């Protein structure tokens, strides 16, 4: 069994790298793969780069090179629910693209032609994530995570996405692409995102200020999940 763990930025995987043993590094097309062990489990930690194309490419290379048994995507996101705070974690029940529009061809908004409207996370991994969050006493919610190639800093941007997807809990830039690749490879996945900012509320300042806190909480979740897998 090989567990694939994906993060977009150095800050999102730094603590995980520190915990790995027997680590080796491989660079492919600008993506960095760190193989080794975490709690005696075989893991491949992937630094994918930011955005949907980078995430999809990196996740595909991960599958072709390492054939992961499951994928856990860690990192940060912007929160939407009023009861969520910076540092809280959102666990994906399902993931979708918020910036895809093929409605002219009778697809629902957010649906890539030929693909499902949403990508459902593996229920066992979702339940494990939720269980671990209770153990380490970090607030979490299970729900919808939306992905697009924009950092949502302005209220008018976030209002549009909220209107289209009122049940969304978090917004970020890689998860749906990772989920789509996992769907094609039939690989179980879960997305876990710690909130580094509240979308639409001075996001650029808040993101920089709280990224390390979000990264720490996300890493705690992954480390404890791997221990129980």
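Every residue, even glycine, has its Cβ placed from backbone N, Cα and C.
Here is what Swiss-Prot says about this protein:
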{"type": "ACT_SITE", "residues": "12", "note": "active site, proton acceptor"}
{"type": "BINDING", "residues": "78, 152, 173, 174", "note": "substrate binding site"}
{"type": "ACT_SITE", "residues": "197", "note": "active site, proton donor"}
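Here the features listed in Swiss-Prot are placed on the structure.
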{"residue": "12", "record": "active site, proton acceptor", "Cβ contacts under 8 Å, 6 or more apart": "74, 75, 76, 215, 218"}
{"residue": "173", "record": "substrate binding site", "Cβ contacts under 8 Å, 6 or more apart": "8, 50, 51, 52, 55, 147, 148, 149, 150, 151"}
{"residue": "174", "record": "substrate binding site", "Cβ contacts under 8 Å, 6 or more apart": "6, 8, 48, 50, 51, 52, 54, 55, 73, 75, 147"}
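In three-state terms derived from DSSP, residue 12 (active site, proton acceptor) belongs to a helical segment.
The distance from the Cα of residue 78 (substrate binding site) to the Cα of residue 197 (active site, proton donor) comes to 5 Å. Around the Cβ of residue 197 (active site, proton donor), a 10 Å sphere holds 26 further Cβ atoms from the protein chains shown.
Between the C-alpha atoms of residue 152 (substrate binding site) and the residue listed as 'active site, proton donor', the distance comes to 10 Å.
Counting every protein chain shown, the Cβ of residue 152 (substrate binding site) has 24 other Cβ atoms within 10 Å. Counted over all residue pairs in 78, 152, 173, 174, the record's binders of substrate, the longest Cα to Cα distance measures 14 angstrom.
Its Cβ taken as reference, residue 78 (substrate binding site) is surrounded by 27 other Cβ atoms within 10 Å in the chains shown.
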